[in-house]
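Below is one structure, written out as structure tokens, with a few remarks after it.
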Amino acid sequence: MNHKVLLINGPNLNLLGRREPSVYGHQTLADIVALLSEQAQAAGVELEHIQSNAEFELINAIHATDAQMIIINPAAFTHTSVALRDALLGVDIPFFEVHLSNVHAREPFRHHSYLSDKAIGVICGFGAQGYEFALAAAIKRLKA
């Protein structure tokens, strides 16, 4: 069986490397995706990636994917998007939620997630390494 993971990055993550590097780090999204692509390839897993600032594009990608696992950093949509939640529940694909920063150590409005209670797991506060942790967990589950 061919294993596939869909990596979803939400709004403003295209600015990684220059947006608040003290919070989000110095790596660009392209750097992170390249690293994850290598990790996936080494494990014999296909990695599909989308980043968008538009909620509907992320929803369409969720609806269209044939991946068996999703890793999502919904960014600001974490706290606002019932639509993303419904899309994830609608396709019934297990997912991990990732955040670069520790959202629980930040402003109170960032403490609530519309996705966390449905995620396999939530990884936050480890910077770009959080994606690596999520992908390793996804690969382990896919190959179990």
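Cβ from N, Cα, C; glycine included.
Predicted, not measured: the structure shown is a model, and the values here were computed from it.
Annotation for Y24 (active site, proton acceptor): spatial neighbours L16, L100, S101, G127, criterion Cβ-Cβ under 8 Å with sequence separation of six or more. The active site, proton acceptor annotation in Swiss-Prot covers Y24.
Marked as active site, proton donor by Swiss-Prot on the basis of sequence analysis: H99. Under a cutoff of 8 A between CB atoms, and with a sequence separation of 6+ in the same chain, the neighbours of H99 (active site, proton donor) are N73, T78, V122, I123, C124, G125, G130.
Per Swiss-Prot, the feature substrate binding site maps to N73, H79, D86, L100, S101, R110; the stated evidence is sequence analysis. For D86 (substrate binding site), other Cβ atoms within 10 Å of its Cβ number 13.
The site 'Transition state stabilizer' annotation in Swiss-Prot covers R19, and the record cites sequence analysis as its basis. Under a cutoff of 8 A between CB atoms, and with a sequence separation of 6+ in the same chain, the neighbours of R19 (site 'Transition state stabilizer') are N12.
Looking at N73, S101, the binding-site residues in this record, the fewest other C-beta atoms within 10 angstroms of the C-beta turn up around S101.
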